[in-house]
């Protein structure tokens, strides 16, 4: 007779005498861009792709278009003018490369703004690249020749310092002002400088990090790159990427492909939330400079950048209660006046009294009471 098989239960196995404790569930809260993030919206129409491009703003504006009246410099800066001394440095506005930016208006998602939850667009990923790098192969132009003695060889191609930055966000890019020399006299007409924002002349702190020298990139071609930089202390609702390569004869190095995707989600899996259905794109792409043959004048060269952004819908908690919206509506209906100061350092308010309920008549009409930071009522005893 064949031997019987023993039971499959191992003698070494120990059974749990009681159920293992489970961690208590707690609410999970994510805050992004000032919004309380809820769940994703599902459905076939929840994902949108947008393609756009930004042209460079190197100093020369898009107009005039005539190639004999300034249009030939579009995509370039005008000739860089040097300082005549340490205290006399006043660059022309058309020699300063500036930030390119644009706002894309997305389809409206919410018809009823009184609900507790709203839908918002969320930027998930972006494909981007600099367009036109092949144009830098032009070595037959009227630039400084490589053989300066016999005026032969080839035309010196674009080379020098390069700066590449792009940003995608649900709000304008936050900028921090910082300059090389606070004595530089930037012209305020046509560009936004630190003095434009602070209403004061630049100080030595503007050569490092001055907390008051901050701005938002709200205008295209107005914020010089050498003054304004992405603010790492802010930009919670924006993703920016960049690199800088310095040098006077550094050759441009560019990689381009339509297969590289940059994910815009943070460590919590949340991308920039587009407030007011607005998507903001920003970039700077400086390739270096060209040197003209006649006067050895240097001109910055910039190239355009292409964007392909993928967006999806998200449910968020309505951050604006109906009561505050109605209150804001009534407040905006009131006329704006400019009177004497009743707030701040120069306030002309003498005294404020607050009454609540009733009490027996106090024996001291000048009695002083106040509420401390713990919410307790205190009475000041009269001094001698």
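Cβ from N, Cα, C; glycine included.
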Inset, instruction - Could you check which of 4-18, 19-33 is flagged in Swiss-Prot as motif 'Bipartite nuclear localization signal'? - result: 4-18
Inset, instruction - Could you tally the C-beta atoms, other than its own, that fall within 10 angstroms of the C-beta of residue 358 (phosphothreonine)? - result: 6
Legend entry - Secondary structure composition of the region 'C-terminal arm' (322-384) [DSSP: H/G/I, E/B, coil]: 12 helix, 8 strand, 43 coil
